[in-house]
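Asks: Dropping the structure in here first, questions after.
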Amino acid sequence: ATKGGASTCLICLEKIRKIDPIWHCKQGCFAVLHLVCIQSWARQVLSTSENSSAGRNSSSRTSPARWHCPKCRRDYPQAEIPREYRCYCGKEVDPRSDPWLTPHSCGERCELELGLCSHTCLLLCHPGPCPPCPQLVQLACHCGKLAELRRCGHKSFSCQRLCSKRLGCGVHSCDEICHEGECKPCTKFGVHRCRCGSVTEVRPCSQADFQCERICDKELSCKKHVCGKQCHAGACGECELQGRRTCACGKEAYKDLACDVKVPTCGSTCEKLLACGLHRCPERCHAGSCVGTCRVLINKRCRCGSTVKEVPCYQDLVCERKCQHIRNCQRHACRRRCCDGDCPPCSEICGKKLRCGNHKCPAPCHRGLCAPCPLTVKISCQCGFTTLEVPCGADKDVKPPKCSKRCQRPHICGHGDLCKPHRCHYGPCPPCQLLCNKKLDCGHSCNQRCHGPRLTCPVLKGTKKERKAVISPIPGSPCPPCSVLVSRPCMGKHPAGSKMVPCNDESRFSCEKPCGNLLSCGNHFCRDLCHVVTISRALSNGTVVASGGAQQYDSCSSCRLKCTKTRDPPCPHPCEIGCHTGKCPACKVSLKKSCHCGTLVRTLECSAFGCLSEDERIELLSCKGPCHRKLENCSHLCSEICHPGSCPSLCSKKVTVRCACQRIRKAYQCFEVQAAREKQSALVPCDQDCLKAKASQELEEDLQHKQAADKEVR
């Protein structure tokens, strides 16, 4: 990216604007390049690859042609050369430029698959790689002991406990903190034997299986040879020289030949395949390896394919012809002796004029655009104290460096040395930040920033940042109208309605609060928003007193509200007639009142009910019948006369209670039964007769079971 935040195309080295069609690398670096530049780059890479392989055999060009990203060098197939301008997520073709969205973005959800899980990216279409997956999933630590809810993108975590996994030795456990990957080999020492069992050593458990340096030397089954293997476990095996044996060339076989007898040669030609892979050994059957160099004369073609000559098979043929193919720079010929078509890179100097316009390319001859100029140019501030080095040719677009020195230019606004000092700079000096303080006609002083004459200073022009001596004064502007805030009353002249307005503003305003002037009815106040009041009224000893002309127009509206007086006796219903003087009429609203137990409902007049005392209301609302409300601690109903408040907590109803065998029964009051249940005690216990009856019943049941069992046996 450049200093201003815009990206730079790595191919053309130009800035990428918001409206330019782009392509971005999706595999590794996510670099953003011009669409036209990457298309040209891909074609040049493919063309260079085809030209370099033109002289090779067709069998060596089995892989399809590929091109690569100019930054990360990741390969792309030829079919993936970009042909259309797409957004970062690839959904929209030719995305429109929107100042509220990221450039080259479609503004929709990305929804690209994240690499390490099956979830998709939830961000809006964006450049660069997708962030780790934010989904919450149940994950286990490395050792599997702890499972917790974590971000899907951070699956790998340690519980900070001992791993305790069984190691490869099968005896010890891992004593490291919960870790990723396989456990390290066991480092605990023990006494172990080698494979043959002859050597005992103290070794780590991970190296328990080892071989000693001793050769086995056990007698084989043939009784003529010994085992030549190094320390091993198990049987030595059969003698390798027993059974069917052949001569050195493998043509003659010998059966029943003793293992200690040397196999004779057959006398025929060897005919084993030589190292060249084309011819066979012409010697007689012999022991050992065949000759290393094949000397058979064959017709060979040189590397460039222009000469055919008879030479020994092991010798390469190189002609004297110089290659005339154009190298990858597409400017110079190869000129290499007997070239196979894979011409080396050009060794000439490029010499093309660089984009800076001042120098030539010093790199080896190449195709395409040259790299930027490696030289730098110094840019200084206006006073020359601070300098900055920038690439050659970039001084036209780079701003000069900031200088820490103080600007020495004079101020002509009239404040002189009172002006705030500032640093060295190009262009005009900043305006004076002091107040004007000139006397205005209203008596106040001008409180605006200084707007007097000022001097135009040297402006930034030229590639060398040289100043032009163009100094001329700019006349100042007159003082604006007085903006000092003064307090002005509103149209209704309310105490809290005053407002601070500029001194030059003489317009009338409303404080947007209710007027509050007493209306002609004497009961309510004007609710209109603040306005000019022509007749002002007030209450004095219950009498409305008005000030203003008797024939003057009343700016306040007439009273249209309902009566808000409190009735006598008080009731919750409003007066049905409009705003009036005197007492309100009696309330005629019908009230429905239920009795204390909720059995009966009576209709009463509001005024008549409100005149009653509390005792009279209790007497009136009683239905004179049983309460019939369910008691709190039992299922019986209240037996008292309809009454206010809660029913008694102790129930006096008679309840029959039986013993456990249901033979004895007695009568108790309900509250006694409830108390016995809470204490978990029996009111009526069983007597001796109950126990005798129960025992006789059990004997009869046992007799019946025995009789039934006898019948089943028969």
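Glycine too: its Cβ is placed from the backbone N, Cα and C atoms.
So TrEMBL lists these for the protein:
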- 117-135: domain 'NF-X1-type' (DOMAIN)
- 169-188: domain 'NF-X1-type' (DOMAIN)
- 222-241: domain 'NF-X1-type' (DOMAIN)
- 276-296: domain 'NF-X1-type' (DOMAIN)
- 329-348: domain 'NF-X1-type' (DOMAIN)
- 356-375: domain 'NF-X1-type' (DOMAIN)
- 413-434: domain 'NF-X1-type' (DOMAIN)
- 442-484: domain 'NF-X1-type' (DOMAIN)
- 521-561: domain 'NF-X1-type' (DOMAIN)
- 571-589: domain 'NF-X1-type' (DOMAIN)
- 634-653: domain 'NF-X1-type' (DOMAIN)
Asks: DSSP says what for the domain 'NF-X1-type' (222-241): how many helix, strand, coil residues?
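Replies: DSSP composition of the domain 'NF-X1-type' (222-241): 0 helix, 2 strand, 18 coil.
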Asks: Give the residue counts of the domain 'NF-X1-type' (413-434) per reduced DSSP state, in the order helix, strand, coil.
Replies: 3 helix, 1 strand, 18 coil
Asks: Which residues of the chain, 6 or more past the ends of the domain 'NF-X1-type' (356-375), have a CB below 8 A from one of its CBs?
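Replies: Distant contacts of the domain 'NF-X1-type' (356-375): 11-13, 41, 44, 48, 327-332, 345-350, 391-394.
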Asks: Six or more residues beyond either end and a Cβ under 8 Å away: which residues meet both conditions relative to the domain 'NF-X1-type' (222-241)?
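Replies: Apart from its flanks, the domain 'NF-X1-type' (222-241) reaches 194-196, 198-199, 211-216, 258-260.
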Asks: So what pLDDT does the domain 'NF-X1-type' (356-375) average out to?
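Replies: That region's mean pLDDT is 77.
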Asks: Residue counts in helix (H, G, I), strand (E, B) and coil for the domain 'NF-X1-type' (571-589), per DSSP?
Replies: 0 helix, 1 strand, 18 coil
Asks: What counts of helix, strand and coil residues does DSSP assign across the domain 'NF-X1-type' (276-296)?
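Replies: When I sort the residues of the domain 'NF-X1-type' (276-296) into the three classes, I find 0 helix, 2 strand, 19 coil.
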